[in-house]
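S.K.: According to Swiss-Prot:
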- Cys89-Cys104: disulfide bond (DISULFID)
- Asn90: N-linked glycosylation site (CARBOHYD)
- Ser1: O-palmitoleoyl serine (LIPID)
Amino acid sequence: SGSCEVKTCWWAQPDFRAIGDYLKDKYDSASEMVVEKHRESRGWVETLRAKYALFKPPTERDLVYYENSPNFCEPNPETGLFGTRDRTCNVTSHGIDGCDLLCCGRGHNTRTEKRKEKCHCIF
């Protein structure tokens, strides 16, 4: 009689939170670039260079950008952004629905509401 051994290997997807954290770190440390046009024998060529020479140049694995993101705090009819003014925010949240982030440093008004509703309770 003989013995049989089976090994199975596969790649597992990392935890979704870990992926999000990784991408957020990349976003927070992204390098701003400048598009430069110069003439070569084959015509005009565009290249990217770091906007600030004081910082080390980005690697192939770094995130880079050459246009700033729109200001999501203020309305912009051209891009269809409504801004965040008069949005409801969560005072106790540190997430994207929190007042600190959603109100863009403008401050917020707190409103307390009392409502009377029929609850259709049966005792």
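Keep in mind that glycine also has a Cβ here, set from the backbone N, Cα and C atoms.
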S.K.: Return one of helix, strand or coil for Asn90 (N-linked glycosylation site), based on DSSP.
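M.R.: For Asn90 (N-linked glycosylation site) - judged by DSSP and reduced to three states - the answer is strand.
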S.K.: Using Cα coordinates, what distance in whole Å links Cys104 (disulfide bond) and the residue listed as 'N-linked glycosylation site'?
M.R.: 13
S.K.: Which of the three DSSP-derived classes (helix, strand, coil) applies to Cys104 (disulfide bond)?
M.R.: coil
S.K.: Counting only residues 6+ apart in the same chain, whose Cβ is under 8 Å from the Cβ of Cys89 (disulfide bond)?
M.R.: Asp97, Gly98, Cys99, Leu102, Cys103, His108
